[in-house]
Amino acid sequence: DRSSGTRVSDTELRVYKDPSKGELPLLPEEHVQDSAKDVTYICPFIGPVRGSLSVTNYRLFFRCTDREPVFGLDLPLGVLSRVEKIGAATSRGDVSYGLACKDMRNLRFVHKEPEDSLKKSVFEVLMKFAFPVSNNMSLFAFEYKQVFPENGWKVYDPLAEYKRQGLPNESWRISKVNDHYELCDSYPAALVVPVTITDEELRRVSSFRAKGRIPVLSWIHPESQAAVVRASQPMVGQNGRRCKEDEKLLQAIMDANAQSHKMFIFDARPSVNAAANKMKGGGYESEDAYQNAELVFLDIHNIHVMRESLRKLKEVVYPNIEDSHWLSNLESTHWLEHIKLILAGALRIADKVESGKTSVVVHCSDGWDRTPQLTSLALIMLDSHYRTIRGFQILLEKEWLSFGHRFQQRVGHGDKNHTDADRSPIFLQFIDCVWQMTRQFPAAFEFNEYFLITILDHLYSCLFGTFLCNSEQQRLKEEVPKHTVSLWSFVNSQLEEFVNPLYVGYPSHVLFPTVGIRHLQLWVTYYIRWNPRMRPQEPVHQRYKELLAKRAELQKRVEELQREAANRTASSSSERAGSPTRSITPVQTFV
Amino acid sequence: VCVKKRKKQKFRTFSMHVLTLYMVKVYVSSSEIVVNEANFVRKCIGAESCQDDLWGKLVCTNFKVSFIAHNSLPRQCTHRLLGEHDIPLACVEQVVTVNDVKGKQKILGSNQKLKFNPTELILYCKDFRIIRFRFDEAGPESAKKVCLAIAHYSHPADPQLLFGFEYVGKRYHGSTASHSNMVNGVDPGGGLQTPLFDCSSDWDREIKRTGASEWRVCTINQGYFISPSLPEFFVVPVSLADQDLKQYACCFYSQRIPLWCWNHSSGSALVRMSNISDPQQQRKVEQRISSAITKSHPLRSDVFKSDLDKNLPNIQDIQAALLKLRQICVIDSFEESEEKWLSSLESSRWMEYVRTFLRHAVEVVYMLESRHVSVILLEKEDRDLSCVISCLVQLMCDPHCRSLHSFQGLIQKEWVMAGHRFLDRCNHLKRNDKEESPVFLLFLDCVWQLWNQYPAAFEFTEVYLTVLGDSMWVPVFSTFLFNCPRQRAEHSRDFASSKSIHLGQDQALCFPPVWDWSQQFSLKDQTLFNNPLYVGKIATCVQNGTVKTFTHRRSKVSC
């Protein structure tokens with residue numbers, strides 16, 4: 001179904017059984033900008049492939065013409081991080097172009113320069129449309145006008161989510177102090193704070209916390225009332241500045257939980273980095289100023305280290321893998337070690353909240369990278385609601401989008417400045433951690449792997465408005481919900497694609513994953529999916545759907561039988577009133 | 001002192017309870033005898049602290065080392081032969097006694113003396129467990145005795161001292177022949193759907209199933225008169241007469257006439273063969289065998305010889321890799337090895353060997369399937385590497401083999417009947433370490449890798465593979481106790497006559513095969529063997545009329 005065919009292919013080289021279907025699929029408002037015949041794609045796996053290349057305002061589409069079955073490349077321009085000419089033209093006038101992608105692959109094409117020097121090459125057109133922001137154009141998400149049965153922008157309603165958690169209550173209130181984003185422009189409008197702290201005091205606290213990101217509640221334990229609170233670093237500086245309102249706020253957070261007379265402050269950074277931040281006016285809470293609070297450093301490195309680690313990982317996995325040193329090469333990227341530290345940090349937070357019944361405050365430097373990684377993973381461990389498809393969407397909308405993870409900056413949507421030091425795969429790491437948990441608890445998550453990959457693909461695609469901008473305020477200003485489609489509209493309109501057939505949904509289970517490096521795996525089906533030799537050998541996705549259908553069928557049958565059994569009891573008891581009632585064995589379902 | 005006192009008090013409160021527990025504890029069968037025991041033993045659970053340690057009684061029987069915890073209620077045991085804290089003696093690799101006051105340590109063998117009173121007993125197990133018991137509160141003499149008993153009984157001097165003999169022998173006692181077929185309350189052969197390949201009809205069926213019409217069942221080894229390590233029935237090309245085979249037999253290592261394993265649907269055959277020991281005859285015999293195999297091919301295709309000794313690691317390499325793997329998995333400190341885990345894993349070479357075997361099998365598949373030639377797997381003795389490769393080839397090509405019962409049949413055919421030396425490779429008698437090698441475990445690992453790459457292609461699960469691997473160390477199954485069918489026959493006959501067991505209609509003691517899973521697990525637990533993703537034999541094998549192959553495969557090296 002091509003009309004709603006917004007699905008980004010998860011295979012690089014799609015095999016078109018029927019060549020007529022190899023035609024360029026076009027989305028609403030998608031238009032061909034340029035196309036060229038006689039382009040050669042230098043495929044690292046099967047060698048050079050000749051074909052035609054089309055560039056639209058949304059995608060790059062390459063279709064090979066010289067071999068059967070017909071191969072194609074179909075990728076959204078949003079995944080491109082760099083397009084460059086490699087070397088000078090050859091004597092035959094051939095020019096090489098290299099395309100570096102955000103999704104772990106590089107593409108190379110060879111193309112003859114147009115003889116008419118005034119005519120633009122298809123790659124020059126590509127460069128323009130791949131980086132619309134740098135060229136003062138709008139992202140395709142603002143053009144795309146697909147209508148879906150469900151409006152994904154309505155998935156997250158902060159007040160409804162807080163209500164689900166039982167908020168406000170006698171200890172916590174919902175403050176409107178940030179209604180116009182005046183207290184903190186990277187925070188959401190609705191903030192949950194202790195009732196004993198006034199808005200005026202919150203304003204004072206905001207001047208003491210980096211970027212005004214004050215400690216506010218993310219989640220509250222339904223029984224113990226232990227809270228997960230997030231913030232940015234305190235502006236302690238070299239002189240050890242203090243702020244009595246901030247101290248009062250943290251005391252109030254601790255007091256809101258009657259179960260514990262202690263609290264933990266988790267600083268995501270390595271202690272050395274946290275100390276170094278004092279030179280720049282930042283720092284961490286001293287235990288003198290915050291009595292009864294214990295400070296723990298989680299040793300997670302900053303965005304630059306993570307970016308470098310992913311770069312190394314790409315080097316190791318793309319295009320070819322050195323079999324004989326695969327494991328040691330993987331080790332040298334430290335990618336899994338970073339994943340481990342993040343998961344281990346989240347585990348400690350979840351453990352303190354669940355087992356210790358203690359409230360926790362989590363922060364890093366600005367509180368918008370490592371902090372959402374930690375809080376959202378801890379929340380997934382603690383609250384089964386976030387392991388459902390819709391609950392996970394709410395979690396992303398809340399912890400990542402509304403609390404201002406800088407998606408625009410970290411991903412660099414439509415921006416040609418590929419060396420920008422603000423880019424970093426923070427969100428990718430989070431999704432990787434979630435994937436690791438789905439491996440360890442295969443029946444605890446309602447969504448499947450394809451759901452996670454779809455989210456990552458649309459993190460870069462710029463087809464949906466969901467991951468655009470840096471904050472809630474910016475999204476409102478740009479009227480993103482009004483002018484773009486939400487990724488959740490697309491996802492929730494075809495949920496059957498994303499459901500895990502093994503899902504059982506333990507409603508009150510807390511998941512404590514094992515975080516040792518021995519239990520972590522490289523997410524091969526994401527990071528190495530372009531390598532045809534590493535692709536899953538069997539279409540498990542299809543099998544999942546069959547299982548779901550089978551389950552639905554069995555469930556229906558159980559209901560029928562239960563009805564039938566109920567009717568029989570009803571009729572037999574009315575017919576033979578007075579006779580001993582037969583006990584009906586309940587039909588057990590394992591679905 | 002104060003702490004100790006409190007602990008002792010705890011014993012007293014529990015001791016009554018222990019007694020009752022002990023009374024209700026039922027041993028495997030009347031064939032199991034308690035040899036020695038010590039009370040007030042502490043089983044160490046955590047590595048750093050002793051807060052989770054358990055107190056109880058350490059018991060050594062002729063089957064297992066058992067620990068009966070004082071303060072835990074009897075759990076519903078999921079295993080029918082072993083409790084939560086039990087270790088079969090065959091699973092014990094090394095018995096180490098320690099006296100930490102005197103700083104002494106001794107590895108105990110059979111019939112040895114111990115000059116110090118042990119404060120600690122460490123059992124290193126074949127299944128990678130390391131179990132520690134402390135004797136701080138136990139009587140020094142009883143601690144010493146139980147350690148010596150464990151060391152002695154875990155080193156049986158003779159195969160017939162392996163528990164399986166007692167276990168099976170007991171059922172012939174004191175009951176009429178008609179009732180005697182129950183082992184542990186279960187009929188060993190009853191309803192078993194797995195072909196054992198110990199009769200010619202199983203082979204006939206396999207010939208028919210694979211369409212190998214130019215191959216026949218050969219019966220010249222009945223009574224094991226030709227080759228000591230071959231089964232009584234096996235399959236050969238129709239063009240080779242019994243007379244010829246008898247003549248060629250003496251040229252081969254241990255008189256092992258080449259064995260047919262399987263036919264590809266194209267008619268190409270997979271054959272396994274040992275080295276020809278007589279160099280003068282080599283060319284001639286090789287040629288005769290090859291031409292007979294060619295004649296059995298519908299296209300009269302050539303024969304490709306695949307030299308396994310040359311291309312694959314040998315059994316010592318495999319054993320060395322496993323020891324390194326164990327070192328990094330359980331012996332090295334977890335914390336320290338964490339950072340270097342992947343590179344240590346790589347340097348153990350275990351994964352590399354798994355990959356080498358899989359890759360070699362893929363090459364053989366390619367010859368059979370794309371080149372349409374028959375393949376001879378050549379190995380000096382034809383009893384180790386060939387077992388792995390022939391099974392992997394069949395698993396890759398033949399969806400039939402991926403169902404649970406056929407997979408078991410496959411192991412029966414290519415390992416048990418073909419004479420893989422399970423007794424020596426498992427080193428059940430702990431006599432010759434040089435012969436010990438985890439070839440079968442390596443095979444299971446290869447299957448696990450395939451299973452991971454094709455999660456819907458196999459009827460069984462990871463749990464099944466794990467349990468199958470563990471069963472090697474439960475010494476009651478015919479599958480893993482012997483080096484070859486003849487050895488099984490001889491030992492069971494001798495044991496029966498030495499114990500004056502009347503076998504009735506049986507020719508020899510009937511050991512249950514491991515495939516009789518009811519020996520170990522309830523039917524409910526056995527449902528864990530079923531893979532919910534399995535799509536069935538037909539659906540996976542044929543796609544658009546072609547058999548799906550695995551030629552573009554890279555061993556997914558994940559951990």
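Every residue gets a Cβ built from N, Cα and C, even glycine.
Since the structure is predicted, the reported quantities are computational estimates derived from the model, not experimental observations.
Quick look at what TrEMBL lists:
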ACT_SITE  A:Cys364  active site, phosphocysteine intermediate
BINDING   A:Asn277, A:Lys278, A:Met279, A:Lys280, A:Asn302, A:Ile303, A:Cys364, A:Ser365, A:Asp366, A:Gly367, A:Trp368, A:Asp369, A:Arg370  substrate binding site
COMPBIAS  A:568-591  compositional bias 'Polar residues'
DOMAIN    A:152-527  domain 'Myotubularin phosphatase'
REGION    A:561-591  region 'Disordered'
Under a three-state reduction of DSSP output, how is the residue listed as 'active site, phosphocysteine intermediate' classified: helix, strand, or coil?
coil
Around A:Arg370 (substrate binding site), which residues of its chain at least 6 apart sit with Cβ under 8 Å of its Cβ?
A:Ala268, A:Arg269, A:Leu298, A:Ile300, A:Ile342, A:Cys364, A:Ile426
Here the binding-site residues are A:Asn277, A:Asn302; which one has the lowest number of other Cβ atoms no more than 10 Å from its Cβ?
A:Asn302
How far apart, in Å, are the two Cα atoms that lie farthest from each other among A:Asn277, A:Lys278, A:Met279, A:Lys280, A:Asn302, A:Ile303, A:Cys364, A:Ser365, A:Asp366, A:Gly367, A:Trp368, A:Asp369, A:Arg370, the residues recorded as binding substrate?
21
Packing count at A:Cys364 (active site, phosphocysteine intermediate) (other Cβ atoms within 10 Å of its Cβ):
28
Which number gives the other C-beta atoms within 10 angstroms of the C-beta of A:Met279 (substrate binding site), all protein chains shown included?
10
Are there any residues in the same chain, six or more apart in sequence, whose C-beta is under 8 angstroms from the C-beta of A:Trp368 (substrate binding site), and if so which?
A:Ser186, A:Arg213, A:Ser232, A:Phe403, A:Gly404, A:His405, A:Arg406
Looking only at DSSP and grouping its letters into three states, which state does A:Asn277 (substrate binding site) belong to?
helix
